[in-house]
Ligand SMILES: Cc1cc2nc3c(=O)[nH]c(=O)nc-3n(C[C@H](O)[C@H](O)[C@H](O)COP(=O)(O)OP(=O)(O)OC[C@H]3O[C@@H](n4cnc5c(N)ncnc54)[C@H](O)[C@@H]3O)c2cc1C
């Protein structure tokens, strides 16, 4: 004890342990000592993590509710998070899961399951919920007699069939014997009131069912929490960033207008990884606002109350409401306000109304049928403005204080007039260097590079779908990853639309990109698309799949993603000698094992 120094005394070790440690230290170099200290630190951390996880494990006696969030877009995610918080505040134990991480085979053990889902396009199931949907719809789906369920369906503006997939889910849950906790809540993006009502009723009904529900969640004890990640800046609390560059990257004669935008995030403490997107709060176009106000005989400086603030109608239209999307409700209410018989007639036939909103932007409707409205009436027609998401096209490891995006302007030509999308028009046309922009990071754990850097990857993207692959390649270049990289890219025209051409060429020269196949649909008489290139390379794609490659698809959900999937199914069927049903199973398994990831919109 006499020779013991102060530090030894502070160590919580027995004399024997101390002796062993000293002996070990005397034989180690400085580097070995440093490594050992790191290793001990890791062991200590693992133990404390394990302890804290234990604390979070759900007890058999707890009443458990599973909230499944099924969409890549912010609205569904934020509603799911709000419901999770709401139940927490009301002492209802619940867990929040991303649909893609949900172990759906365990659904038979659930007691209360709340599904929050977005339907989009021609009523499409979002990527995250596909596996769950297929499982529930399959012949192997289990009996769900013990399940109480509730479904909240949000409808994307572009969706033709109102919440059809939500209806299919409900119908199937009933067929499998489960009980509805609450009538399905269907909503379009104007969902605030619906959400508030549904969440209150849900809580009330769950409280009423307490005696019936006997928990039996042994499997949950094993399950680590799969809570959706959050960051400091959120949709509701966005960061204010500065635009560094806004450059058009399609040629002068291109039919597309695509911009590369760089945003400064230094000092903002924003972190992102390849696969994430940024959410952008955009401003509506000044001329569009002036036109609308003039057509409705409303003065620009009329005052209006928005969330307890008095602001001008001009400011309200610029920052708070959607002006570029038309909905059935808008047409119906505008027809009532204006008493316009043509509009009333359209509004009374659902199929006509659906076609009308697809082909008639709000400003065109008002131009065709102008009328006198008050500011309050106008505001009551409109949907609240929602931010848009853009895939990040840079890697923070390589670019550090910037985030890059690749924006294609949505343009519609109707009766000789061109109409731009709200956010894409703003980003491409209004933002200059030094402009201020409100952003937040939207994490996407369903679109990630493999952790093992030796795994080959196949990236398939058309148009702006190439964006996340620029981020992937920057990351793999930065990490010196050894895995092979194959890009399939499609766009209309080689000379006009080869996005980031020189960067890909550098990567090919370096040997980072091992294969690249391009499809220029309009460069020859017959159209060539990305799926044609995939088919042409079927044998090699199959050998990459056999090697363990991960496949990524990004871009247009309604055409490209479907055609590409069909091509992949054909390749699997041909090379693995499987019929189409089994090929589908094979692809489903790739998806389940995160070897087939899509980010389509
Ligand atoms: C996860 C995710 C990642 C995304 N990444 C990118 C990206 O990297 N680059 C990019 O450019 N976009 C990306 N998008 C799409 C982007 O979020 C916007 O949807 C797009 O820019 C259109 O928004 P807008 O406000 O300009 O058009 P809006 O004002 O919303 O739409 C105006 C009109 O055009 C219609 N419309 C909207 N989109 C289309 C379309 N694609 N084709 C035809 N009509 C349409 C609308 O129905 C409406 O009638 C992504 C979307 C998601 C969900």
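Here the Cβ of each residue, glycine as well, is placed from N, Cα and C on the backbone.
For the FAD site, TrEMBL gives 388, 389, 390, 391, 406, 407, 408, 421, 422, 423, 424, 601; the one candidate out of 324, 325, 327, 338 that the record lists there too is 324. Take the NADP(+) site that TrEMBL assigns to 521, 522, 527, 528, 529, 530, 531: the candidate from 497, 563 listed for it is 563. Less than 8 angstroms from the CB of residue 421 (FAD binding site) sit 324, 409, 410, 411, each of them six or more residues away in the same chain. In this structure the alpha carbons, written CA, of residue 531 (NADP(+) binding site) and residue 407 (FAD binding site) are 23 Å apart. When the neighbouring Cβ atoms lying within 10 Å are counted for each of the binding-site residues (324, 521, 522), the highest count belongs to 324. When secondary structure is read from DSSP and collapsed to three states, residue 423 (FAD binding site) falls in the helix class. Neighbour count (other Cβ atoms within 10 Å of the Cβ, all protein chains): 21 for residue 389 (FAD binding site). Between the alpha carbons (Cα) of residue 530 (NADP(+) binding site) and residue 601 (FAD binding site) lies a span of roughly 17 Å.
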